[in-house]
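Among the features that TrEMBL reports, domain 'Flavodoxin-like fold' is placed at 1-182. Annotated FMN binding site per TrEMBL: Ser9, Ser15, Val16, Ser17, Met83, Tyr84, Asn85, Phe86, Ser127, Arg128, Gly129, Gly130, in sequence order.
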Amino acid sequence: MKLLHLDASSLGQHSVSRALTAAVVAQITRENTNATVTYRDLTAQPLPHWTPVVDAASEAAKLGDAVMEEFLAADVVVIGAPMYNFSVPSQLKAWIDRIMVAGKTFSYSEKGPQGLVTGKKVIVVSSRGGVYSTGPAAAMDFQESYLRTVFGFIGATDVEFIRAEGVNLSAEHKTNAVAAAHVTIGAVASKVA
Ligand SMILES: Cc1cc2nc3c(=O)[nH]c(=O)nc-3n(C[C@H](O)[C@H](O)[C@H](O)COP(=O)(O)O)c2cc1C
């Protein structure tokens, strides 16, 4: 089993999502001793904004190819996705811009777009300061809905969300949200085999 682990939080050791993706990967590797992990820290080593490839031998082109190969090779992709301004951090967006490639992960035909990705499980750790799963802010969630759309578009429809929300409302909210996320991790990670 090949596992790709991505983090995108800028909050370092204070990050909720980094701690939770680490817990997801720890459980999966504990329960699947054949798993090999590729780690990419999208904040420590940010990908540049996408630009057209004019030289296939350029560093930018090679980096894009490496990102795509890591993604295509992975059976399981674990993504730390904080909510930044109702969506995802631009560091994660830069990675998404490298994996949404016509002819590689999706194709167009007269019947419309078709996803080319099969047999991949995506586990997203979603952290956010407020509450969006219910209540009036639900319509402002362009983070989880965006990620579900992105992965669904390329055929990766097996997407699980591990959510820690309301973490900035109070210390108690944060403690409860992280505890709830760990319960979800136990259920989600144990299904990975
Ligand atoms: C630049 C930035 C933008 C943010 N935007 C939002 C937002 O739109 N809605 C929200 O509920 N929380 C927002 N937050 C709070 C984060 O979602 C929250 O702190 C979350 O825990 C971040 O994940 P992390 O702890 O893994 O870094 C923002 C935080 C930062 C740093």
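Glycine residues also receive a Cβ, built from the backbone N, Cα and C atoms like all the rest.
Note that TrEMBL annotation is computational and uncurated.
Sequence features annotated in TrEMBL and their locations in the structure.
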residue : record           : DSSP class
Ser9    : FMN binding site : coil
Val16   : FMN binding site : helix
Met83   : FMN binding site : coil
Ser127  : FMN binding site : strand
All-chain count of other Cβ atoms within 10 Å of Met83 (FMN binding site): 22
Of Ser9, Asn85, Ser127 (the binding-site residues), the residue whose Cβ has the fewest other Cβ atoms within 10 Å: Asn85
Segment-level pLDDT (mean, integer) for the domain 'Flavodoxin-like fold' (1-182): 97
Annotated FMN contacts Ser9, Ser15, Val16, Ser17, Met83, Tyr84, Asn85, Phe86, Ser127, Arg128, Gly129, Gly130, maximal Cα-Cα distance (Å, integer): 17
